[in-house]
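Pulled from Swiss-Prot:
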BINDING   11-32  NAD(+) binding site
Amino acid sequence: MFDLTGKHVCYVADCGGIALETSXVLMTKNIA
């Protein structure tokens, strides 16, 4: 799960590797 600000909430909650990859994608989109 991710909030509207792009914070990797799911990663913090230890959701797994998929969350880590997704957070990287979201962070990239936020920067772009």
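Glycine is no exception: its Cβ is also placed from the backbone N, Cα and C atoms.
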Including all protein chains displayed, how many Cβ atoms other than that of L20 (NAD(+) binding site) lie within 10 Å of its Cβ? 12
Between the binding-site residues S23, L26, K29, whose Cβ has more other Cβ atoms within 10 Å than any of the rest? S23
